[in-house]
Amino acid sequence: MAKIISIIGSTGSIGRQTLEAAKNLGIKVAALSANSNIDLLEKQVHEFKPDVVSVGNSELAKEMSNRLQGFGIEVLWGQDGMKRVVEHSEADTVVTSVVGTAGLIPTIHAIRHKKNIALANKETLVTAGQLVMEDAKKNNVKIFPVDSEHSAIYQCLLGNKDKQVEKIILTASGGPFRGKNIKELKNITPAQALKHPNWSMGNKITIDSATLMNKGLEVIEAKWLFQRDLDSIQVLVHPQSIIHSMVQYVDGSVMAQLGSPDMRIPIQLALTYPDRCQNNFNKLDFLKCPPLTFEEPDIDTFKCLRLAYKSLEIGGTMPAALNAANEIAVAAFLENHIGFTEIAETIEQVMQRHNVNICPCLEDIIEVDCWARTTARQLII
């Protein structure tokens with residue numbers, strides 16, 4: 001069980017829920033980072049009293065320093081600030097809940113400082129999964145998944161031999177537009193896409209869930225986290241979001257993890273593993289459950305999932321290009337610069353233009369990330 005934590009991305013959805021869990025569990029918070037929401041960060045500082053905080057830029061750091069005069073708290077900014085947050089000497093676990101590839105370098109930095117990782121930033125493994133897992137093994141660092149699906153798989157694998165696993169089954173809600181055709185999707189607005197039927201999440205991941213890119217990123221994450229081949233990872237649409245994922249074994253047995261669709265549950269487990277602690281979260285009532293149904297994902301209509309599979313098949317830097325293009329396209333959609341279906345179109349065009357490096361180092365991945373963002377922006381303009 002974690003005793004002292006640092007959090008990068010403390011003002012986002014996962015960060016806020018992590019602090020709630022830490023408060024309930026009596027876990028000390030050593031350091032926090034946020035991008036621009038310094039009003040909320042200030043409130044978090046007053047409540048949790050970290051030693052160090054970091055914000056997105058120097059102007060925000062100056063404002064934060066003025067607000068926190070007399071508290072004896074070190075205020076930092078940028079990537080260097082996030083590095084200082086994750087390397088805090090007292091913290092034994094770092095919760096990485098920033099959105100996108102902004103979490104990659106701080107996560108690797110934390111691993112190299114031998115901090116256990118509660119991983120909510122799936123883009124870290126999407127873009128640099130092999131490097132991250134090799135670093136974790138070399139530094140004897142444990143990576144605990146925070147995503148509900150990967151937390152479920154983690155639990156379903158416990159006590160079983162890896163060679164006896166036949167396949168991992170990732171469940172997906174199907175998002176708010178399940179069953180719609182491409183023509184109907186063309187007119188979807190950001191407001192409509194931000195209404196997820198089951199989960200309460202941040203804007204970017206909610207759009208990713210609507211396009212099914214989130215599930216595609218989770219497939220790539222699962223490949224590295226659980227060291228599985230692509231053909232042993234299946235996606236099933238499960239609209240009720242009660243079964244969070246499953247593992248099928250060679251004898252035909254299937255182990256599933258069920259629970260209410262509440263992110264606080266996997267967050268708490270990532271902090272307390274191998275223990276389970278009491279809480280006041282809603283418990284699953286089987287007598288009130290709707291019928292549990294399953295269907296194949298429509299990868300022709302929701303092309304992002306197909307593109308994610310393709311990027312993993314190609315390998316190398318292609319997943320990094322896919323991820324970066326997606327981040328730019330989603331941001332453009334949220335700002336009404338492109339339509340819903342143009343998210344996938346933009347990603348596909350970036351992938352078609354990318355010259356893949358099959359054996360990249362970290363610097364190569366960062367370079368591709370920058371290239372893909374620039375290319376996506378040019379396509380959108």
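Our numbering is plain: 1 for the first residue shown, then up by one each step along the chain.
Placed from the backbone N, Cα and C atoms, the Cβ positions cover glycine too.
Taken residue by residue with DSSP, S13 (NADPH binding site) is part of a helix. The NADPH binding site annotation in Swiss-Prot covers T11, G12, S13, I14, N37, N121, E123, G202 and rests on sequence analysis.
Around the Cβ of K122 (1-deoxy-D-xylulose 5-phosphate binding site), the same chain contributes D147, L217, E218, I220, E221, each under 8 angstroms and 6 or more positions distant in sequence. In the three-state DSSP scheme, K122 (1-deoxy-D-xylulose 5-phosphate binding site) falls into the coil class. Taken from Swiss-Prot, the feature 1-deoxy-D-xylulose 5-phosphate binding site covers K122, S148, E149, S173, H196, S209, N214, K215, E218, and the record attributes it to sequence analysis.
Taken from Swiss-Prot, the feature Mn(2+) binding site covers D147, E149, E218. DSSP gives D147 (Mn(2+) binding site) a coil state; it is part of no helix or strand.
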Exercise for the section: Going by DSSP, give the three-state secondary structure for N37 (NADPH binding site). Expected result: coil
Problem - Least surrounded among the binding-site residues, given as T11, N121, when other CB atoms within 10 Å are counted - result: T11
Practice task
Could you check the binding-site residues E123, E218 and say which one's CB has the fewest neighbouring CB atoms inside 10 Å?
Solution key: E123
Handout entry: Greatest inter-residue Cα distance in Å for the 1-deoxy-D-xylulose 5-phosphate-binding set K122, S148, E149, S173, H196, S209, N214, K215, E218
Key = 19
Practice task
Only counting partners 6 or more residues apart, tell me which same-chain residues put their Cβ under 8 Å from the Cβ of N37 (NADPH binding site).
Solution key: T11
